[in-house]
Amino acid sequence: MNPNQKIITIGSVSLTIATICFLMQIAILVTTVTLHFKQYECDSPANNQVMPCEPIIIERNITEIVYLTNTTIEKEICPKLVEYRNWSKPQCKITGFAPFSKDNSIRLSAGGDIWVTREPYVSCDPGKCYQFALGQGTTLDNKHSNDTIHDRTPHRTLLMNELGVPFHLGTRQVCIAWSSSSCHDGKAWLHVCVTGYDKNATASFIYDGRLVDSIGSWSQNILRTQESECVCINGTCTVVMTDGSASGRADTKILFIEEGKIVHTSPLSGSAQHVEECSCYPRYPGVRCICRDNWKGSNRPVVDINVKDYSIDSSYVCSGLVGDTPRKNDRSSSSYCRNPNNEKGTHGVKGWAFDDGNDVWMGRTISEDSRSGYETFKVIGGWSTPNSKLQINRQVIVDSNDRSGYSGIFSVEGKSCINRCFYVELIRGREQETRVWWTSNSIVVFCGTSGTYGTGSWPDGADINLMPI
């Protein structure tokens with residue numbers, strides 16, 4: 001090969017390499033531009049149209065780093081849409097309950113600014129659990145805490161914090177309320193907030209931080225709601241509300257709410273005689289509630305809600321080991337599934353239970369007459385067999401010589417099943433502890449477990465002699 005041929009060959013090879021490099025740079029440029037614009041668009045599987053990502057509610061942003069010939073390209077993948085919760089998974093099989101959370105609010109109030117509260121509850125969005133309570137518009141170490149034993153004042157507000165975070169001064173006040181319920185439909189929070197005069201109260205429905213709807217008192221006698229979480233299935237949330245006598249016939253309605261708007265109202269039907277302060281849980285495809293009969297029964301009413309056709313049925317828990325306080329002793333108490341037992345039916349306390357096949361798990365105060373101690377157990381046949389009394393898997397949550405209070409249920413969706421959890425209100429102060437002028441609470445929370453567990457007692461634990469008066 002002569003010199004001219006060598007020059008031509010080298011030139012041809014160089015030109016070929018340069019052309020390849022040029023084409024590669026064009027490809028990189030096209031890829032970069034394409035990815036840059038595609039991060040703001042998602043393919044719609046329904047009609048193959050392009051939809052903007054920005055207005056869509058998302059669960060998370062995912063960023064992938066792609067390396068091409070020393071060029072770094074950031075590609076944002078469009079996140080999946082957030083869907084309504086449907087709670088269609090089965091209920092978890094459990095052997096009992098394990099400790100989950102305790103906020104120690106009263107003990108912390110001895111040396112810090114903590115809200116005075118009562119009527120606490122717990123509810124979870126798809127990723128995190130929150131604790132709620134009705135604040136009294138004051139901290140404990142504050143003269144405004146005097147006489148906070150009263151339930152209904154215009155200063156009461158619904159407080160919301162992450163579970164385990166006491167209600168400190170930075171706590172969000174969600175709404176004005178002396179009775180409330182909250183739940184998350186998979187996209188946003190719904191808060192039902194009742195406030196106003198006893199004879200003409202208003203319930204406000206706040207969805208995604210906005211007031212969407214309201215309803216006024218229909219019986220002019222203390223409109224009130226659950227004091228625990230409501231339940232949403234496929235975008236329809238249900239809440240049980242009562243207006244009328246606390247010791248006689250009252251008017252209970254079940255409201256169906258979609259994104260904060262009341263879409264239907266159903267009257268209570270079935271054999272339940274008096275229904276208040278329901279503890280509700282998803283029982284796909286419907287909702288089931290265990291409530292308080294403050295008139296005739298120490299056995300707890302059951303309210304079954306059909307979300308699809310808005311129909312309602314009601315009855316009573318079959319277990320002869322009844323769940324309300326006050327009640328007869330276990331040898332004398334009874335329940336026959338359909339009607340109130342007419343045993344120490346006046347007064348009562350908010351509580352919970354849930355079905356497990358033919359059996360029932362339940363919690364109650366250990367004392368038959370006062371809000372002292374707390375226990376849980378399973379009653380074999382307690383859901384289906386009248387007056388069943390075979391108790392197993394009993395656990396003490398709070399010893400009998402320590403104070404308890406309201407309790408309620410909340411549900412947590414896992415990978416394969418829905419777990420049931422409960423909270424116990426630990427009331428301190430007046431009326432029983434007259435050294436101080438305030439009434440407030442802390443909480444303890446347990447969740448169902450399929451594992452083993454030990455024993456203990458988890459009272460409030462504050463020394464009343466160390467507390468502000």
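Backbone N, Cα and C define each Cβ position, glycine as well.
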* Asked: In Swiss-Prot, Cys237 is paired in a disulfide bond with which of Cys232, Cys278?
  -> Cys232
* Can you tell which of Cys337, Cys447 is bonded to Cys421 by a disulfide, based on Swiss-Prot? -> Cys447
* Structure fact -> Among Cys291, Cys318, Swiss-Prot lists the disulphide partner of Cys337 as Cys318
* Asked: If Swiss-Prot gives Asp293, Gly297 as binding Ca(2+), which of Asp251, Asp313, Asp324, Asp330 does it give for that site as well?
  -> Asp324
* **Listed recorded positions Cys124, Asn200, Cys232, Asn234, filtered to Cα within 10 Å of Asn86 (N-linked glycosylation site)** => Cys232, Asn234
* Asked: Closest of the recorded positions to Cys92 (disulfide bond), Cα to Cα, picking from Arg152, Cys232, Glu276?
  -> Cys232
* Structure fact -> Cys318 (disulfide bond) to Cys230 (disulfide bond), Cα to Cα, whole Å, comes out at 24
* Proximal residue to Glu277 (substrate binding site) among recorded positions Asn146, Cys183, Cys230, Asn234, Cys417 (C-alpha distance) -> Cys230
